[in-house]
């Protein structure tokens, strides 16, 4: 798909022309900052800059933290305490890094759900969406391995439980688990591997972010209406767009400042609110915590993992059909990874010709029920797997898969969309034009 017509950088001085012929970096920066952006973007589109800030924060604080960290089972916990007590500003660096991960995931979940609501995955933006899902998977892997590094009780037992999932794969599971751990159990080789990968993956994420930005700069940004920018000429495109600089940069920086006020308040006044007290106890393989839970951003999928027990009829059916090869544990692993995979497949599961949920009356109800379902699964994932909680988790898991595999494909067939604006300019004038906001 051709890019949006716009003015490109033209070198004016002799030096600029000389540099442009050899390294057109000024042109690259100009085209990035001055890219035409739909003028009707709302606050849902501010989270990109929050994500960029979080990535830079995590890499910067992480680099300093590893200068003082020792990846050895006998020294890791003590080295973290050394950072907290003896390194100048060490406690602040650690709290920024830990809470920065939470802000990172909060922003990415809002970013994903915004994309699901406004149809940012639909053609021609499928590649942008898939690269975004790859970034999310890399974030999950990086965060999990980072959670193991402090070598507290929850770090150790969380690693034991999650790596144990690979052992559920029939036939080759135990061999894969041993290969991942570097031995029969979570120990020093595991810690060293996780430390190395935790340091490496943020740079892989940064590279994928560049590809992600490149992809949506090629196709153009989506917008609340889902209507494409007119591309017949520069004049037409200018009626639907504004340059990214200064309009959206200033808006995004203001939004980032508001988010950071809340973020630094949490870091300064309740930095351990989202953590777990058991992780301030050094790892002990002989003492199992009463309740093993991952970080909050993994809880929805952890709830799905635990929801499918041996007494669930669908598990019993699959177990019987597979001649006992797929047991409840392996079924839970499939369900957990499948819950993430269906989000990557949503460009082909959504059959509606209308991109934005703003004009889909039936879709809105099912979508917001999905958002509630996600929060409920997060809550259930933090609860013990007893009493009514497994039933709630099972119901939440069922709706999650039903939404993507049944409801979304059917809605595109049966739903009658509302009237849509023909252009972004029309939508913008309807909301922000002089008729809408008359001068006083």
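Numbering starts at 1 and runs along the chain as displayed.
Glycine is treated like the rest: Cβ placed from N, Cα and C.
Matching 394-414, 415-435 against Swiss-Prot, the residues noted as transmembrane segment span 394-414. When the stretches 46-66, 253-273, 330-350, 394-414 are ranked by Cβ pairs under 8 Å to the transmembrane segment (129-149), first place goes to 330-350. With a threshold of 8 Å between CB atoms, the same-chain residues lying at least 6 positions outside the transmembrane segment (296-315) that come near it are 101-102, 105-106, 109, 140, 143-144, 165, 274, 327-328, 331-333, 335-336, 339-340, 374, 377-382, 385, 390, 393-394, 396-397, 400. Contacts between the transmembrane segment (394-414) and the transmembrane segment (330-350): present, as 3 or more C-beta pairs lie under 8 angstroms, all at sequence separation of six or more. For residue 212 (heme b b566 binding site), the same-chain residues that are 6 or more apart in sequence and have a Cβ closer than 8 Å to its Cβ are 128, 131, 132, 135. Residue 111 (heme b b566 binding site) is 21 Å away from residue 97 (heme b b562 binding site) when you measure Cα to Cα.
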